[in-house]
């Protein structure tokens, strides 16, 4: 039986991970569940998977969680201390599903503790942690396996094939909820319309990122670090059906594509069983049921957010600009979700923040967090002025 801990268990991806584990309950023992503030769901999850330990990041919710778990043997911890305790547990797999840059510090804790495998469903920690994160992972001999469908697809292709003669790595994107809308329609789009993704079941933040296509820029930077590939060998193509998740092209003209039904549980299953595979628990791909598969070049005029990743990878200060980009996006998306700015303002806030913030040296975790803090203040000020 394999042991596993889940960081971010109450989020959209975390709940899918729980579903996969429950469907294979004889194969996994859950050591720890970590959540931000959803105590009701965390307590329920702890009971159904028989977790040994739970951590709630919000220390003010300790008593409520304790009451909910009264009569069980579940250990309860809180805050940063609890996070470090959960990170230090000896487990076979850690599933990292915390949203945003909030995952970065726990990632450092996990890598520093020398966990065997981190299944990573968080791109922001890679974008902001950059080479510092991956250098530490190499030093500690920690395997980082991407859960996101696109990077998981590329990882699986490269795991079984030649890595030396790659000509291009292509990340696909569904195009999000607003693919076929024009700017006039986008100008007054509502939050509810934006988060209705046509293919994927996702959380609010990533649904907005998908709609702006900023998600593809984050993924381009993520791929740059995950696969140690130059930016000119990275590409994006829009594929609304979301059946092809990634393509690796080789110098001889051959291309290997990874296909599956658009279900995150497939990549979750792979990361939970890596380097092996478990039997399919969910719907399998039937290509005959698809009359056609569509591919198109991204419209960078309509969706300028898709350019950001490539532009940042061409700058002399990739690490700092990646942090500023990610932070500005987090602030802008939050403002849109709270109806403080319009949809089209999101990318404008990102570009304005990149123009106004300059973090010169990123040599440590504290440098990353300081740059994030500065960019957060500037982006917030920009949004205040828009109002």
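The first residue you see is number 1, and the count goes up from there.
Cβ from N, Cα, C; glycine included.
Bear in mind that the values here come from a model prediction, so they are computed numbers and not experimental data.
Checking the candidates 124, 193, 219 against Swiss-Prot: the one annotated together with 148, 150 at the Mn(2+) site is 219. Per Swiss-Prot, the 1-deoxy-D-xylulose 5-phosphate site holds 149, 150, 174, 197, 210, 215, 216, 219; the candidate it also names there, chosen from 116, 123, 233, 265, is 123. Per Swiss-Prot, the NADPH site holds 10, 11, 13, 38, 122, 124; the candidate it also names there, chosen from 203, 246, 253, 305, is 203.
Taking residue 11 (NADPH binding site) as the reference point, none of the binding-site residues 123, 148, 150, 197, 215, 219 has a C-alpha atom within 10 Å of its C-alpha. Fewest other C-beta atoms within 10 angstroms, among the binding-site residues 123, 197, are seen around 197. Taking the Cα atom of each, residue 203 (NADPH binding site) and residue 197 (1-deoxy-D-xylulose 5-phosphate binding site) are about 10 angstrom apart.
The two recorded residues, residue 123 (1-deoxy-D-xylulose 5-phosphate binding site) and residue 148 (Mn(2+) binding site), have Cα atoms 8 Å apart. For residue 11 (NADPH binding site), other Cβ atoms within 10 Å of its Cβ number 24. Note: residue 124 (NADPH binding site) has non-local neighbours 99, 100, 101, 103, 104, 218, 326, 330, i.e. same-chain residues 6+ apart with C-beta under 8 A of its own C-beta. Of the candidate binding-site residues, 148, 150, 197, 215, 219, the one lying closest to residue 122 (NADPH binding site) when CA atoms are compared is 148.
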